[in-house]
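*Asks:* Structure below; questions to follow.
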């Protein structure tokens, strides 16, 4: 399953081409085009990873002693699928289109102590089996008792726990009989049909038969000749040493009015879209409030200040000036650790470009869940190619700060953020590998990631830096004094730590409801496909970060504190702290993770996400403040 295989590079190339040459007909991506089946055609069921919300560690289907086909064939996975832990393989379940089958025996397995223990552990951790037919994931329909609606759960549990009547000892039972329903939409003009649904009802049945076992034995518990089918789990199949398990299945075909183009609608149905609208309205109220404050500052206060400053005629009046004009000689003085600021701003530009382009293509439908792993692959490739803009942005700012060694800044930009993330990712991957999970990224994939980083991202950062540094330096609107002025003692509410922490609350408040759905889709293995809402929330986040930073920056300059460079970055960037705290709250209130390794994985990945969020929001705030200060100081006359 190494990613160095040519199929993966082809898949990666297809994503790049798809991203570059997207058209209105882009929905028909490779592997997503409709497939027509005639009556009697073979339908090959594929198996995917075993997943659990309790452990967050995926395992391959054949890590358990399930029935295997004669030869196990891996499907070619793209970069995103491998990173997600997907392991798609063929299975012994083969149907004939529109030909129902009843009580088909797959195989017989006799457990030993080791295999029984493996099944028991997976049942205890509530693992689910995932299968795929014609690129549609297997779902289990569950009717809500309080409503008429049906909810779909992905896959089915390996088994269940229970007690025999009159016994208090808890035992594990396996789901060994699967009743499949394949829904199809028939073409009115031809006999061809397209698959639009793949459902299952699992049962645990202790199968019985007369005589000794042979390949053509007839079961007494489930017999197509006697029209005896499995309808309940009244006599379940226990998992224990030396127990015999017979795996069987039924398949029935059901005609559906759902067209192929709409077959994912039931999977992506959002029953709580009112909450999303509430989230948007809530965020818009924050934006309107901040916009009002910014408008008041820009139109009223600043207009009055600039008019007053520009009308000062005598030297005595000039000496009495107060507020933000007073620090004009220091406001564009390079900050301490200016090199590090350049690196973080460049990385933030890289993140902003990746996020924006990814969302645009997701909105256009190119990254739908049917294109498995497409979203993650696209994000990785876009991150790599956005290195050009990262180098350009960091070099431009570096030259503004009178820096001369642009290669050093380019090197730090290309290695600092990816290096930190790679180290965390490598440690987490080692833990997953130690658990023998299929979520562990293979060596070949790790090598491919390093090649993308060193072979494409780093050279592009250097190209961007070279271009950015060659351009004329950005000129400050006012001259900087040689000797820095003393900053007067500040009021308690203008303390840097306090104002930075206050600044992060509103951007986080604008996104936290949407964040709940994103965390649910990631950690509870649900589909997330409301990119329209997400794009709106992203725009609101950008506006909120910019406006709160401008407001607090103005108050800071009015207090004659000119150290705004780093504070503007940290003000909106501090929202990442609240994101991480919310992730911790979500962990303890919504997830049932008990294993230490799974807990470390959760907090490790959320740390990476929070770090990325810090870089993104911090850069937005910085550029807003940068624009604001240049605007106001270029509007006043300085003698």
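Here the Cβ of each residue, glycine as well, is placed from N, Cα and C on the backbone.
From a predicted model like this one, the values you see are computed outputs, not experimental measurements.
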*Asks:* Per TrEMBL, which of 218-251, 490-523 is transmembrane segment?
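*Replies:* Checking TrEMBL against the ranges 218-251, 490-523, the transmembrane segment one is 490-523.
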*Asks:* What range among 302-325, 446-469 does TrEMBL describe as transmembrane segment?
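*Replies:* TrEMBL lists transmembrane segment for residues 446-469.
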*Asks:* Pick from 165-193, 600-628: which range has transmembrane segment per TrEMBL?
*Replies:* 600-628
*Asks:* Among 129-148, 569-588, find the range that TrEMBL records as transmembrane segment.
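*Replies:* It is 569-588 that TrEMBL describes as transmembrane segment.
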*Asks:* For the transmembrane segment (529-557), could you work out the same-chain residues 6 or more beyond its ends whose Cβ comes under 8 Å from its Cβ atoms?
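*Replies:* For the transmembrane segment (529-557), the sequence-distant neighbours (Cβ-Cβ under 8 Å, at least 6 residues beyond its ends) are 268, 270, 273, 276, 279-280, 283-284, 286-287, 290-291, 293-294, 297, 301, 323-324, 327, 331, 355-356, 359-360, 362-363, 367-369, 494, 499, 502-503, 506-507, 510-511, 514, 517-518, 564, 567-568, 571-572, 575, 617, 620-625, 628-629.
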*Asks:* Would the transmembrane segment (446-469) and the transmembrane segment (373-395) count as touching if the test is at least 3 Cβ pairs under 8 Å, pairs 6 or more apart?
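*Replies:* Yes, the stretches contact each other.
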*Asks:* If we skip the immediate neighbours and take only residues 6+ beyond the ends of the transmembrane segment (277-299), which ones have a Cβ under 8 Å from one of its Cβ atoms?
*Replies:* 506, 509-511, 513-514, 533, 536-537, 540, 543-544, 547-548, 550-551, 554
*Asks:* With pairs 6 or more apart in sequence, are the transmembrane segment (341-367) and the transmembrane segment (490-523) linked by at least 3 Cβ pairs under 8 Å?
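*Replies:* Not in contact, no.
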*Asks:* What stretch of 373-395, 490-523, 600-628 shows the most Cβ pairs under 8 Å to the transmembrane segment (415-434)?
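*Replies:* The stretch I would name here is 600-628.
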